[in-house]
């Protein structure tokens, strides 16, 4: 696989993480928490996107057959959980005041949910290639960069205070849509 092919695959895998980073970034964080939260998101999303293809690559074809019937449901459930919280906050008007932090649980949940595609791709690449280390590195770095940019874009959007409830609702809907797309890709609705 060429570096260019790896980069384009990495960008495609990182789109969900980018969207989640924008949504997380738009939270009205206390000034001292912004850098910390952006770093946690960037590190978590980048690491998960780098490690999941390696795990998939190492696990091999046998595991694919075991988890392929429910991996999409896990991703959907994790995204739906976070989306439900965001929609609740939008409807009830919660989250208007600056909050201290995005919980590690939420960050790791989103990192896992957005990297399940990378795990599946790792399985597939394991059937074709003998090494995945360069791909994993490119994927992790690309995802980390897009996550940082997304978080900054979200912070900029949060400066429009009157839009906060609308942005919460939109973020929740986007996460649900990503989850539904994952189910659709696995032909759950067929």
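Note: Cβ is positioned from N, Cα and C throughout, glycine not excepted.
Database features (TrEMBL):
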TRANSMEM  6-24  transmembrane segment
TRANSMEM  45-64  transmembrane segment
TRANSMEM  70-87  transmembrane segment
TRANSMEM  99-121  transmembrane segment
TRANSMEM  127-154  transmembrane segment
TRANSMEM  166-184  transmembrane segment
Self-check item: the transmembrane segment (127-154) versus listed stretches 6-24, 70-87, 99-121, 166-184: most Cβ pairs under 8 Å
Solution: 6-24
Exercise. Using a Cβ-Cβ cut-off of under 8 Å, list the residues of the same chain that are 6+ residues beyond the ends of the transmembrane segment (166-184) and lie near it.
Key: 16, 19-20, 22-23, 26, 72-73, 75-77, 79-80, 82-87, 89-91, 95, 113-114, 116-117, 157-158, 160
